[in-house]
Amino acid sequence: MTAAALAQNPPKPILQLVGVRKTFGDFAAVERIDLDIRDGEFLTIVGPSGSGKTTLLRMLAGMEAPSDGEISLKGIRINDMPPSQRPTCLVFQSLALFPHKTVGENIEFPLKVKGVAPAARKQRALELLRLVRLPETHYGKNVMKCSGGERQRVALARALAYDPEVLFFDEPLSALDYKLRKVMEKELKDLHRESGKTFIYITHSLEEAMVMSDRIGVMQSGRLVQVGTPEEIYTRPSTKFVSEFMGEVNVFDAAHENGVWRIDGVEGPANLALPTAMTSAQKAAVVVRPEFMRFVDAPGGADNCLKGVVFNQYSLGSRIQYQVRVAEKTFLLELSRANARKAEGDEALIGWDARDAIVVEA
Amino acid sequence: MSELTLPHAEERPTGTRLEARSTPAARKKVSRGLLSSLPVLVVLLLGFLAPLATVAAYAFATPRTFDVFRSFTLINFETIFDPANTVWMSFAWSLGFAAATVVVLAIVAYPIAWGLARVFGRWAGFVSVLFVFPLFVSENVRLYGWTLFFIKNGVLDGTLKLLGGAGPEVLYTPGITLFGMVYVYLPFMLFPMVLGLAMVPKELVEAARDLGASRLMIWREVELPLAMPGIMIGMLLTFVLAVGAVAESKILGGQSVIVATHDIEIAFTYAQNWPLGSALALILTIIVGALSLIALTKLDLDRILGRR
């Protein structure tokens, strides 16, 4: 289903969280989360380490009980249902493969638990091997002799063998090298589409979340600060934290004085142009992406212009990143090589248009 | 069962020119390795191999003499394997006691080990100390303590008599010998077992539960096979120790049955027949060595040491 179709006709939630909290002593790892997880969606929870995302996932998987609030699966409260009875399955960060079992025995484990006959088990295991793109010859292989990528696939196949309605992923790709991670991200997305199951993935990498997810939830100190499609999160971050989490951005505080907006700690522009007229607020945080900043020839070349000095430039491959100091603040610009016409130490006039700025909660 | 590991000699390159250049360096490395292992080698040769060789040599000496290295005869073994000789019974008792000790200990120690590895948390250290503490007291003293506990008019019997009953007459039986062995060797089963159980990653148990497995299934499919190396080491250790045990049958068992080590002791002391004692010792060593080797081949030492 496309994002637009989802917005038009949202499927009913498979998992529903109402006021879910988890405290360890005085420390609240997860603070009052309300969230509807739609049937069949790929939802990624992103957040820095310690933001409570793993605790949230463990509550959904049944390995921790919420201190407060209610988790329901298809309308049935499952707060205290043990993981062995939930139609959900978690792919651990460590993968938690059984080291004393072969690839085939690992995949067949949930089937063995259910009492499926050996022949049927093997047949299903071979099907799953194909589905996760592993050769059938791996069936009898020692799982500890498999490579990192192969183990990922075995863990996936084992989870799918359980035939859960919801699959949870606790950063299983974090141990892989960059190239293999990129491949697995796309395969995971394909697998999501092919299996039609609900995937809930947690990661600290927004890049990973962007590639795979239908929706992204951003967590900060135990709270879910924004939930939306990757597009929404990218173009309309709701807070300074979310915008900074998206990667390198220019964020600065602005103050409203005598009818004009000014950037804190920077001379000029005398009247900061914002995307929408804001007259009631006293303070705001303004976010401008580095790719929306440019060098301008003369004041007036953009809605907002600032004068500074180039003090660093980095090659990002096809693009060049500049660091420009304006008074005590550093601004980032990302330009294509064709527009990269400044050198370190040069004075530069940088500018951006009002419509490219995003105003978020300070 | 000690294993002698010599440093590997550097593999020599095949080319003659290379060989000529690298030989001095390689020789230097080998000699340095040998040099640093020399103290251990000397201790092992003098302290372990030499006595063993002497015992082996004595086994083939003329009975009731000290003609070691000067006579060679199989007469000691003929005496032992003579159908009229009943010394095989003491071997049977020794091996039987050891096997029974291992089985009882495995059953008794598993729940305690599980508790230490999984449940007791920060109390685990304290509980461990409780189990280690008796080791600070001599084994014989502890066994005499149990004798005082079980003896007629002793702690148990006396107390029960005061209450108008009578204590069970358990002292000086094979059963109490087994009890003594289980008591003495418990720590040697317990701690390897704790280690084995502690090596089972908690996440694997969680994963198995998440995949729908019951407690029994988790135990059978995940916990037990993964803890097996530790359990096997505990079993091996207690078996070897229990085969060589003598104090339990003498003090608690009151010599109601004679175990193999007791026979060996008699041969060496009272009978002054060192060659016969050596022959008995050699046979026992071979039996225990063979059984241990079989067990060791089933053990994956690499996994225990965390190399895999």
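Even glycines carry a Cβ here, placed using N, Cα and C.
All annotation found in TrEMBL is predicted automatically rather than curated by experts.
Among the features that TrEMBL reports, region 'Disordered' is placed at B:1-22.
What TrEMBL records for B:8-20 is compositional bias 'Basic and acidic residues'.
Summarising the annotation, TrEMBL assigns transmembrane segment to B:38-61 (among others).
Here TrEMBL flags B:91-112 (among others) as transmembrane segment.
For B:91-295, the entry in TrEMBL reads domain 'ABC transmembrane type-1'.
The transmembrane segment annotation in TrEMBL covers B:119-137 (among others). Long-range contacts of the transmembrane segment (B:119-137) within the same chain: residues 112, 186-187, 190-191, 194, each at least 6 residues beyond the stretch ends and with a Cβ under 8 Å from a Cβ of the stretch.
The transmembrane segment annotation in TrEMBL covers B:182-201 (among others). Tertiary proximity for the transmembrane segment (B:182-201) is limited to same-chain residues at least six positions away from its ends with a CB under 8 Å from its CB atoms, namely 101-102, 104-106, 108-110, 112-114, 116-118, 128, 131-132, 134-135, 139, 142-143, 146, 222-223, 226-231, 233-235, 237-238, 241-242, 245, 248, 304, 306.
Annotation source TrEMBL lists transmembrane segment at B:222-247 (among others).
Look at TrEMBL and you will find B:279-299 (among others) tagged as transmembrane segment.
Where the transmembrane segment (B:38-61) meets the stretches B:91-112, B:222-247, B:279-299, the count of C-beta pairs under 8 angstroms peaks at B:279-299.
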